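Below: the structure, in structure tokens.
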There are 2 protein chains.
Amino acid sequence: MDLQQIRGQIDTIDGEILRLFEERMELVKGVAQYKRENNLPIFHKDREDQIIQRIGEQASEENEQGAKVLFSTLMNISKCLQQNTVRDYSSQTLSLLETVNSHPAPPEHPVVACPGVIGSYTYLAGKKKFPNAEIRMFERFGDVFDAVQAGEVDCGVLPIENSNAGSVSEVYDLMRSHDFYINHSIRLKINHCLCARPGTRLEDVTEVYSYIQGLAQCSEFICAHNLIKREYSNTAAAAEFVSQSEKPFAAICSAESAQEYGLEILREGIQNIDENYTRFIVISKHLYPNPESDTVATSLTLANAVGSLYNLLTKFAVSGVNLTKIESKPIGNKNFDVIFYLDFTGNVLNESTIHLINDLSNELSGFKFLGNYKYE
Amino acid sequence: MDLQQIRGQIDTIDGEILRLFEERMELVKGVAQYKRENNLPIFHKDREDQIIQRIGEQASEENEQGAKVLFSTLMNISKCLQQNTVRDYSSQTLSLLETVNSHPAPPEHPVVACPGVIGSYTYLAGKKKFPNAEIRMFERFGDVFDAVQAGEVDCGVLPIENSNAGSVSEVYDLMRSHDFYINHSIRLKINHCLCARPGTRLEDVTEVYSYIQGLAQCSEFICAHNLIKREYSNTAAAAEFVSQSEKPFAAICSAESAQEYGLEILREGIQNIDENYTRFIVISKHLYPNPESDTVATSLTLANAVGSLYNLLTKFAVSGVNLTKIESKPIGNKNFDVIFYLDFTGNVLNESTIHLINDLSNELSGFKFLGNYKYE
């Protein structure tokens with residue numbers, strides 16, 4: 001048999017499999033309807049396990065594992081498509097739908113919270129997004145979360161990840177213990193400068209102060225000049241500290257911070273990699289659905305990283321959404337169990353996004369909807 | 001129709017799908033054989049795209065996306081099972097097979113490199129794993145990688161993740177620029193102590209020195225006592241520094257470090273979460289296959305996080321391996337593209353593990369086999 005003949009036979013088989021798949025989906029709809037009429041739960045783990053076990057027994061030895069994976073996927077697809085016909089809304093989905101239907105508008109002149117002191121990168125990001133807003137500075141990341149949660153400010157700006165240093169762990173940790181919604185993201189090019197009091201020469205500088213990530217992003221420069229790294233709460237506060245010290249210290253900060261605190265720029269663009277970007281999130285106490293949003297932020301814990309992650313990705317594939325971010329953080333137990341932060345494409349004003357969020361919140365006990373924003 | 005009748009029909013359809021799946025697998029074998037005989041490449045992206053497109057056209061509208069996912073999975077399974085019959089070894093696999101066949105034995109009395117100074121947690125981990133070995137201390141993580149790569153030492157110990165603070169970014173960054181194999185892992189319970197020069201009282205302490213992660217893991221204690229955080233290269237070096245300073249500074253370090261540098265323990269177990277564990281890896285220039293190893297370490301870059309990650313997880317599912325770790329780090333470009341570190345169950349002495357590694361290295365251009373160790 002030549003290649004074309006074999007392929008013709010494969011195509012015929014594929015057509016038959018597709019026909020059977022469609023028939024199966026019709027029957028599954030019947031099951032869903034029966035369950036709805038009789039108030040039975042949609043998912044039936046035992047029944048799934050029985051099917052997989054039987055398939056494993058019936059399959060030839062060499063194809064057993066493959067057949068099991070195929071039927072797990074088949075049942076996952078069934079469940080996703082059933083979700084589209086059954087409206088079994090979770091409390092999270094109901095609250096989300098209420099927000100969507102009430103069309104809340106964000107405040108026209110928001111009060112914006114930023115961490116650090118004036119001139120910090122987060123301050124610059126806040127200014128970029130809200131040029132005319134009143135910006136209030138708070139000492140720590142946690143203070144920004146607290147102010148947003150307490151309703152003291154309309155929104156808060158926080159750094160979330162850098163293209164070189166990775167995610168900002170402290171912000172992720174604070175996300176777990178606060179209630180908020182992400183409504184925007186901001187991307188800023190980071191151009192680190194080595195700054196000192198006027199008259200200081202580079203060769204006199206012994207210690208350099210900055211935020212952890214600033215130090216990490218300039219590690220090659222710091223190493224080449226044999227400087228001692230000193231961690232500071234943020235880059236602009238480091239500039240302020242250096243401006244007040246009488247020792248020949250330097251700060252790694254933005255050109256704006258140098259100007260703000262009367263420092264001289266000794267070297268510009270000292271980051272290891274020139275293309276250095278930081279992304280920031282804008283959080284609020286309320287969700288403001290926006291037709292321009294294109295990314296849904298969520299967090300979830302998975303009992304078993306393999307199977308569960310695979311099943312989750314099946315849902316995304318069936319819904320046709322793209323996973324734009326996957327980030328795992330330890331929960332903090334002996335087994336190194338993790339919490340996943342997953343961002344995917346979607347807008348809560350679309351029914352399909354609501355269905356997917358509902359599906360996830362129904363199936364995963366640790367699921368949390370964190371917001372909807374335009375990826376920038 | 002009642003539930004049992006519908007289920008009976010579903011079971012009949014499942015039986016037919018399974019039969020067609022097995023027939024299809026036989027035909028696919030024929031394709032593989034034809035290709036092998038005619039020296040054609042095994043994978044044919046265009047043919048796959050054509051099949052998915054045709055399925056999409058033939059499927060009903062409501063099941064279209066589900067049908068496409070089902071057939072993508074079906075073709076992924078086919079490819080995995082084809083890999084088991086076709087032996088098209090990549091250069092990485094060939095080199096790995098050569099190592100496996102030569103049965104290299106690790107040195108009986110290894111020289112072990114550890115970062116920091118005597119008493120550091122990594123030193124303690126090294127002592128735990130190699131009680132009688134000669135341990136050489138190197139200033140920085142990078143120095144340990146360099147010494148291993150240059151063959152100056154037999155192996156190096158490095159912290160890789162903490163159950164609370166997460167992964168050690170610096171070590172992951174260094175992994176990208178060095179050649180090495182992971183042969184062991186070590187887990188150590190971390191019990192942080194606040195230590196100062198004898199006679200110092202807690203209320204006099206103003207500044208506390210430690211490694212970034214040490215400071216992060218004790219952030220609540222530091223905050224409650226209003227201490228200024230000072231980053232130091234590692235916990236034991238911080239203890240040494242504090243022992244030499246005349247100011248009322250304190251260090252966060254192990255009880256062993258306190259003893260080593262003549263410090264007094266002011267408070268014990270000051271970490272935020274009592275259950276605080278750090279995992280270490282042991283790296284060598286050579287791979288030493290060991291029947292006790294149960295985890296394969298790899299790194300890879302994925303062009304498109306959605307589809308590719310899903311396809312990858314299909315491979316794991318078909319091979320019956322468990323994904324034990326997934327960690328993503330930015331490559332450092334504008335698009336926040338990431339490198340994935342994936343650990344999964346397996347031992348290179350088993351044929352099935354070799355097949356999976358070969359499959360991955362054939363399909364993913366950025367794939368790197370990083371080692372095989374016993375998860376502890």
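In case you wondered, yes, glycine gets a Cβ from its N, Cα and C as well.
Remember, it's a predicted structure, so these values are computed and weren't measured experimentally.
Record features (TrEMBL):
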type   : residues  : note
DOMAIN : B:1-86    : domain 'Chorismate mutase'
DOMAIN : B:111-285 : domain 'Prephenate dehydratase'
SITE   : B:THR278  : site 'Essential for prephenate dehydratase activity'
DOMAIN : B:297-376 : domain 'ACT'
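Across the range of the domain 'Chorismate mutase' (B:1-86), the DSSP-based residue counts are 69 helix, 0 strand, 17 coil. The number of other Cβ atoms within 10 Å of the Cβ belonging to B:THR278 (site 'Essential for prephenate dehydratase activity'), over all protein chains shown, comes to 23.
Mean pLDDT of the predicted structure over the domain 'Chorismate mutase' (B:1-86): 88.
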